[in-house]
Amino acid sequence: MTKIGVIRCEKNERKCPLTGCITSLTQQAQGFASYDQTQLTGVFTCRGDMDDVANMAKILKAKGAEAIHLPTCLFANKSDGVWIMEGGGFCDRMETLTDRINEAGLPCVKGTAHLPEGYVPEV
Ligand code: SF4
């Protein structure tokens, strides 16, 4: 059983209730396909403050999370009904985001649901 935290983006928090993310996590699909069993530890919303994100990662770790996944919409976008990497997503600081989460002592995986074709998240 792998316990997983999710840190989403405020730009999408009023538009998407994480339906795809949670479905994929519960079914070990898409960004979670490499796990045998999964459990959602909790969800935080990034509001652009990277110190805040580091703190969120520490809290998720303290609550038992063993990895943090970043939603696919942070780095990909939907074009003509298809999710693609070109043009990016809601976050333009993905590297800093993942670095700060790693510094908190947790692996950070980019990807949850509806992965763009050919994209394989590194776990
Ligand atoms: S990755 Fe998809 S399901 Fe998850 S928050 Fe973004 S738009 Fe919603």
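Each Cβ is built from the backbone N, Cα and C atoms, and glycine gets one as well.
The domain 'CGGC' annotation in TrEMBL covers 3-114.
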Checklist entry - How many helix, strand and coil residues does the domain 'CGGC' (3-114) contain under DSSP? => result 40 helix, 29 strand, 43 coil
Checklist entry - Given the model, what does the mean pLDDT over the domain 'CGGC' (3-114) come out as? => result 97
